[in-house]
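Peer 1: What follows is a single structure, and I will ask about it in a moment.
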Amino acid sequence: MCSLAAGNGRGAELGPEPLELSDSGDDAGWEDEDADTEPAHGRQHTPCLFCDRLFASAEETFSHCKLEHQFNIDSMVHKHGLEFYGYIKLINFIRLKNPTVEYMNSIYNPVPWEKDEYLKPVLEDDLLLQFDVEDLYEPVSTPFSYPNGLSESASVVEKLKHMEARALSAEAALARAREDLQKMKQFAQDFVMNVDVRTCSSTTTIADLQEDEDGVYFSSYGHYGIHEEMLKDKVRTESYRDFIYQNPHIFKDKVVLDVGCGTGILSMFAAKVGAKKVIAVDQSEILYQAMDIIRLNKLEDTIVLIKGKIEEVSLPVEKVDVIISEWMGYFLLFESMLDSVLYAKSKYLAKGGSVYPDICTISLVAVSDVSKHADRIAFWDDVYGFNMSCMKKAVIPEAVVEVVDHKTLISDPCDIKHIDCHTTSISDLEFSSDFTLRTTKTAMCTAVAGYFDIYFEKNCHNRVVFSTGPQSTKTHWKQTVFLLEKPFPVKAGEALKGKITVHKNKKDPRSLIVTLTLNSSTQTYSLQ
């Protein structure tokens, strides 16, 4: 799943450097310690960086390294200015290359663990990789331990060490001040975005959009490419086909409304199983191709095509028996097309009629993908030798739509929204929800992913369900990923409590603003 991947352990070659990489410890002493290194049943232990002793925590391991091997992780982190990813690389470098303590203490910049290959864990569930390196960034009160042979310059070295400690402390204080300033900016941004949303009329935003405001949305569906992608999505298209073909009683001799018909595929499915009349509505230019498609398949006597927004057109009937639509967007609600379906339901659906799909859920799941997080976030720390870390503040607030590797999941999913299309209203589509993610792996939590499930249930003799989750067959909806600014360690069995708020963006009501609170940290994301 998403636990830290196992590696080849100790004893690997360091590389071309002519260095002695065996530990200077006494082998004979190890056998005497074996009796003390057996882990208690059911407890997680991790080995020392320089010998075979096992410990139950990172703190115990580092204390042992300092006392027995003269390796001070505090000094090492401060000496090289290591943050989250640098620390991860350091630990994996030592695990993989098995260098001596003397070699590690002799290293100056550039360090040998800069490559991204050292982001890959060597030991599964390594407790040292779950240690919060920021805990080490307190004012430095003890000098660094430098190699022997510099005693003749001791006074100069001491002064330099104290100057370096003061510089590091000042740099850390400046970083904290910048972070506080950014939090203030983020708070102001979140406040403005949420006020915008709360003050808008969510029951009419989509219906009230003018042609010049909504033209880009509909023009994007005028090109064949997006329809080709959707039609080739077998999970999507075959689920609709199976629902209609396996439940013909729902459509036979009924009047059907297809909202956002596109190429007309759902309308043709309905016509094939005996619908009396199908009214297909779409505002995009693809409707003209749909007209040709309907004629080619000799269904023009059953299917009536109407170009325009469902909120603006006049239908040739007062009421319909069935409404069908493929309205789902990323994270289910992106594009706000469900608003149009609900509008059609309230205006045109006959008493006792049905809307399909009828049930939808949105779920969240925790993700651990340190390498991908580094690629997206740590990348900006050094771009061809230049510091572009300020770009992180622009990258993190944008939700990412991508396929999540199911092996990176570290929790059970949690439903945050249940929608019954027969009873829900447009105002229900903006919501807040508390959630709890039960972790299944010990790892670093780097992101939260969202997805949705779709159900065709009402009056069905053969129920049809499909999921867009990471553990199901890939769909064109993929998953929506909310990257965490600061990953944090979790242990298997933990209950991660959080809160999510989903609103339309007032300036663009087809896009979403998502505010996520997790691990005492709040971040607002845009999906647009």
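Each Cβ is built from the backbone N, Cα and C atoms, and glycine gets one as well.
Below, the features straight out of Swiss-Prot:
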type	residues	note
REGION	1-43	region 'Disordered'
MOD_RES	Cys2	N-acetylcysteine
MOD_RES	Ser22	phosphoserine
COMPBIAS	23-37	compositional bias 'Acidic residues'
MOD_RES	Ser24	phosphoserine
ZN_FING	46-69	zinc finger
MOD_RES	Ser169	phosphoserine
REGION	184-528	region 'Mediates interaction with ALDH1A1'
DOMAIN	214-528	domain 'SAM-dependent MTase PRMT-type'
BINDING	Arg236, Gly260, Asp282, Ser284, Ile310, Glu311	S-adenosyl-L-homocysteine binding site
ACT_SITE	Glu326	active site
ACT_SITE	Glu335	active site
Peer 1: Can you count the other CB atoms that lie within 10 A of the CB of Asp282 (S-adenosyl-L-homocysteine binding site)?
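Peer 2: Other Cβ atoms within 10 Å of Asp282 (S-adenosyl-L-homocysteine binding site): 25.
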Peer 1: Rounded to the nearest angstrom, how far is the Cα of Glu335 (active site) from the Cα of Ile310 (S-adenosyl-L-homocysteine binding site)?
Peer 2: 15
Peer 1: Which secondary structure state does DSSP assign to Gly260 (S-adenosyl-L-homocysteine binding site), in the simple three-class scheme?
Peer 2: coil
Peer 1: Can you tell me whether DSSP puts Asp282 (S-adenosyl-L-homocysteine binding site) in helix, strand or coil?
Peer 2: strand
Peer 1: For the S-adenosyl-L-homocysteine site as recorded (Arg236, Gly260, Asp282, Ser284, Ile310, Glu311), determine the largest distance between any two Cα atoms, in Å, rounded to the nearest integer.
Peer 2: 26
Peer 1: Using Glu326 (active site) as the reference point, find which of the recorded positions Gly260, Asp282, Glu335 has the shortest Cα-to-Cα distance to it.
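Peer 2: Closest candidate to Glu326 (active site), judged by Cα separation, is Gly260.
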Peer 1: Please report how many Å separate the Cα atom of Glu335 (active site) from that of Ser284 (S-adenosyl-L-homocysteine binding site), as a whole number.
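Peer 2: Cα to Cα, Glu335 (active site) and Ser284 (S-adenosyl-L-homocysteine binding site) are separated by 14 Å.
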Peer 1: With every protein chain in view, what's the tally of Cβ atoms within 10 Å of the Cβ of Gly260 (S-adenosyl-L-homocysteine binding site), excluding that atom itself?
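Peer 2: The answer is 22 other Cβ atoms.
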Peer 1: Taking DSSP three-state, what's Arg236 (S-adenosyl-L-homocysteine binding site) in: helix, strand or coil?
Peer 2: helix
Peer 1: Taking 10 A as the limit, how many CB atoms besides its own sit near the CB of Ser284 (S-adenosyl-L-homocysteine binding site)?
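Peer 2: Taking all protein chains shown, Ser284 (S-adenosyl-L-homocysteine binding site) has 21 Cβ neighbours within 10 Å.
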Peer 1: Based on DSSP, tally up the residues of the zinc finger (46-69) by helix, strand and coil.
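Peer 2: Taking each residue of the zinc finger (46-69) in turn, the totals are 12 helix, 4 strand, 8 coil.
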